[in-house]
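Record features, source Swiss-Prot:
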BINDING   94, 344, 345, 346, 347, 348, 349, 350, 357, 396, 400  NADP(+) binding site
BINDING   103, 105, 109, 119, 143  D-threo-isocitrate binding site
SITE      150  site 'Critical for catalysis'
SITE      220  site 'Critical for catalysis'
BINDING   310  Mg(2+) binding site
């Protein structure tokens, strides 16, 4: 068997039996969790395919290790390698302290145009949770990754640049509601039709491919009408234009209410649901954040902008056990580029202690296996995590909250997962 690159074809990824996949080990606890995760992934692939498939791991540098080795936090060679090999896995990265150096995670997303942050959130039986019914949470978040106020277009208070921006806004654009112009910093919030459409397209296609029931467009369009409000409208428009016979939208529902009454609209939606159509709906962000606590079962796939998605993803993760067990991926569904990553930080005080929970990067690797079409290996890991947590053999973060738990190290937890692969 010869290791080969994954390539992008007209119908999606072309995945060889021995793909070369770059990995970034990560800072802080990165080496601990990656060592555990890679053993679990390799064991699951071996068990699923009896040696007919395997992954050839290729280390690339980013973060502290890259800086110590090359003097750069994110070497161009790393970006070029990921561009060439399409798929990568990464541990948590330190954001360098100091002005002018952006988050390495954000830099990777922007340089590779990874426009979707994919965050599936579900509960594993036995995981400690602060809510009464964590089992009702089963959502997949599609967070737009390249626009919104996270685009990094900011001007610091007191600088020549911000004075120019404020002067332009006040004198050229007639903006009279900058309350304290002399002491304000300014941030720009770009939201485009193209950026919205490619995100919503990916979310709806995911819902169709995975037999989900609905896609909720989450926004603050009631306040920010030409950015978040446009996101909502562009999302609805795309749903009907590109997926017309496969979806039923709340805007269609409202039109039926206006013409034929609410009873007729309810009948139309029930008919669409029975036919397996995806219901496209929307929710204002603050109401949505209430509903994920009070009635989470009403939401399935979620498409939202960058800032909303950041809040929502971590708020949902807290309901099912925290970011230690939350997977994440950053994907460009058009070019095939994707990075699968731990969603938590570097936790430097635990570095090298062989103590922390490796589940986030393991479950992110499950997403990677699913993305590659290696569902059998992915399912084996998911089932093993379920069985292992149910048996109460867990790392310290869960053990301290579970009665009768056996606390084990990072490496011992990986051993248990490998033992429970079926």
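Glycine too: its Cβ is placed from the backbone N, Cα and C atoms.
Rounded to a whole number, the distance between the Cα atoms of residue 103 (D-threo-isocitrate binding site) and residue 94 (NADP(+) binding site) is 8 Å.
Taking CA atoms as the reference points, residue 105 (D-threo-isocitrate binding site) and residue 357 (NADP(+) binding site) are 21 Å apart.
On the backbone, the CA of residue 143 (D-threo-isocitrate binding site) and the CA of residue 150 (site 'Critical for catalysis') stand 12 Å apart.
When the alpha carbons of residue 349 (NADP(+) binding site) and residue 220 (site 'Critical for catalysis') are compared, the span between them is 38 angstrom. Here D-threo-isocitrate is bound by 103, 105, 109, 119, 143 per the record. The longest Cα to Cα distance in that group is 19 Å.
A separation of roughly 19 Å, to the nearest angstrom, links the Cα atoms of the residue listed as 'Mg(2+) binding site' and residue 347 (NADP(+) binding site). In this view, the densest Cβ surroundings among the binding-site residues 94, 103 belong to 94, judged by other Cβ atoms lying within 10 Å. Comparing C-alpha positions, residue 347 (NADP(+) binding site) sits nearest to 103 among the recorded positions 103, 109, 119, 150, 220.
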